[in-house]
Structures are given as structure tokens and as C-alpha cells.
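Student: To start, I am sharing the structure in question, which I have written as C-alpha cells.
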Amino acid sequence: MKNSNSSVGFLPTAFILVGIPGLETKHIWISIPFCLMYIIIFLGNGTILHVIRTDASLHQPMYLFLAMLALAEVGVSASTLPTVLGIFLFDTSEITFEACLLQMFFIHSFSIMESAVLLAMSVDRFVAIYSPLRYTTILTLPRISGTGAVIGLKSVILMAPLPILLQRLPFCGHNALSHSYCLHPNLIHLPCGDISINNIYGLFIVTSTFGLDSLLIVVSYGLILHTVLGIATGEGRKKALNTCGSHVCAVLAYYVPMIGLSMVHRFAHHASPLLQTMMANAYLFFPPVINPIVYSIKTKEIRRGIIRMLSEKRLRV
């Protein structure tokens, strides 16, 4: 352990990560579903990225935002992969203090990006339904690129102070984390100093990103429903709503586990560690696993692109 400037604590040189509480002897078997999830995440999202990049007909706002979503989900999964597979495959449960803060930074940064992209996609769907004739003139390539750059920059700027704020706090002997990766809500319970600034800033990040994004998504869909109800024909209404189906699934897959995990961390202090672990895994793994599957099934342009890509590979063979 290395001493901090404070006389009441120290900075730990490492943290101990926990796999699945109570199932430590079965880690090798638990690694199988995690490996399968990582394969689906990287293969599924990678395929979507490849199809959108190589198919010129998919260089449209909706699919460019989908590519951003897939990139954010790959980033979240890549951030967790070293510690998750290290624990379950190699029984490596220790992570250095600096590496833990870095992992926390990347996990939350990519999660913030994911939330912001979901908001951008809801605005995209509103513009497509409200003003279809001006859709491509409103959502131009420079505006989409600028939106992506702002989303990435905002995530990095918001998250940058958190590792610094944690480094200034003294720790008092507790260095065991309750997940297979480093999350801020888990880390913040370990210091023995005053964490009020960390809590206030963490709450600011949550409300200014996830809270505001979810509110604006609800507003966007309120406007979408109002616009759809103004469409004269039932067939037109159905067609308009069908364009939102995949995005609604993505929003639910992202926000439902996140809200559940937040509730467990804040209110269920005496809940089983297994429940906290399962909620955290659902929050990080469910969206990147389910979204490529949903978009591949429900979006015919993506489905055609995948079929075309597979056909071309078969012809080369």
C-alpha cells in the first residue's frame, strides 16, 4: 500500500474483484456464457459496422447513428473483457488502483455515449416521421459527424473529474469490489473520507446525461405519437410506427437494467450480493447482446446487407 497525504487513510495499490458471489468454484463453467456473450457482441456489432461501412445505400442518418450505437456498445464490452475473462478463466481477481480507475472511466464514458446516441436516434426518428421530405436536408452528413464528435467529447469531459476525485480520497483497508469490473457506484463506498463532492458530481452526471436523455427521448416519442395520430390512413400510421420498433427495443434494453441497477445500489443496501452482480451484468451485457440481434431481424436493410455480405463471401470461397 502507498501512503496518501491524509493521515487517516491510504490509497490501495490494488482492488479485489468478485466474480459471481457464492459460485467461485464454478467460474470455469460460468465463463462459457460470458464468452458466448462476448462473441455475439463483437461479431454482431462488428457485422453491423462492416455492413454499414461497405454498403453505400446505408450511408443514411438512421444507419450512421446505428453505427455509433454499435461502436459505443463494443467500447463498453471491450472495457469489461480483460477483468471478466481474467476472473472466470484464469482466476485473476486483482486489478491495480490505476487500472481500475481507467476501466471505470471507459465503462462509464461509453455508457454515456450510448445513452446520447439513443437520444440522437429518437430525434432522427421524429424528423423522419414529422418531415420526411426534408429528412436528408436536415440531418446532413456534417451535422451527423458533428453530433458524434460532440457526444464523444461530452462523455470524456464529464467523466474526467471522477478518477481525480477518487484519487484524493483516503481508503481505510477496504479494497474488495462486488463486481467483475470497476463501477463508480461500487468504488464510492470504499473510501473513509468525505465523499460528498463525489456524490454530488456523480448525481450531476447521472441527471445531466441519463436523466436528461431519457426525458428527451420520452418527449421525442410523445411528438412522434402526436405526428403519427395525424396521419390519415391506418396503413400510414403502422408504417411510421414500424420504423421506430427497433429503436424502442434498444431504449428499453438499455434503460430498464440501468434503472434496476441504480435502485439496487441506492436503496437495496442489504440486498444479496448475487442480485447486485446480476443487475450489473444485465446493465452492461444485455444491450450490446440484444441490439445487433433486434436490428438484424427487424431492419430489412441491415438484414439484406448481411445476406449480401454472406453471399459474397460464399462466392469467394
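Cβ atoms here come from the backbone N, Cα and C positions, even for glycine.
This is the feature table in TrEMBL:
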- 7-23: transmembrane segment (TRANSMEM)
- 29-52: transmembrane segment (TRANSMEM)
- 44-295: domain 'G-protein coupled receptors family 1 profile' (DOMAIN)
- 64-90: transmembrane segment (TRANSMEM)
- 102-123: transmembrane segment (TRANSMEM)
- 144-166: transmembrane segment (TRANSMEM)
- 214-232: transmembrane segment (TRANSMEM)
- 244-268: transmembrane segment (TRANSMEM)
- 274-294: transmembrane segment (TRANSMEM)
Student: The transmembrane segment (29-52) vs the transmembrane segment (244-268): three or more C-beta pairs under 8 Å (separation of 6 or more)?
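Tutor: Contact between the transmembrane segment (29-52) and the transmembrane segment (244-268): absent.
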Student: Counting Cβ pairs closer than 8 Å, which of 64-90, 214-232, 244-268 has the most of them with the transmembrane segment (102-123)?
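Tutor: Out of the listed stretches, 64-90 contacts the transmembrane segment (102-123) most.
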Student: Can you tell me which parts of the same chain pack against the transmembrane segment (214-232), counting only residues 6+ beyond its ends and a CB-CB cutoff under 8 A?
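Tutor: Non-local partners: 115, 118-119, 122-123, 125-126, 129-130, 240-241, 244, 248, 251, 255.
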Student: Averaged over the domain 'G-protein coupled receptors family 1 profile' (44-295), what pLDDT does the predicted model reach?
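Tutor: Overall, the domain 'G-protein coupled receptors family 1 profile' (44-295) comes to a mean pLDDT of 89.
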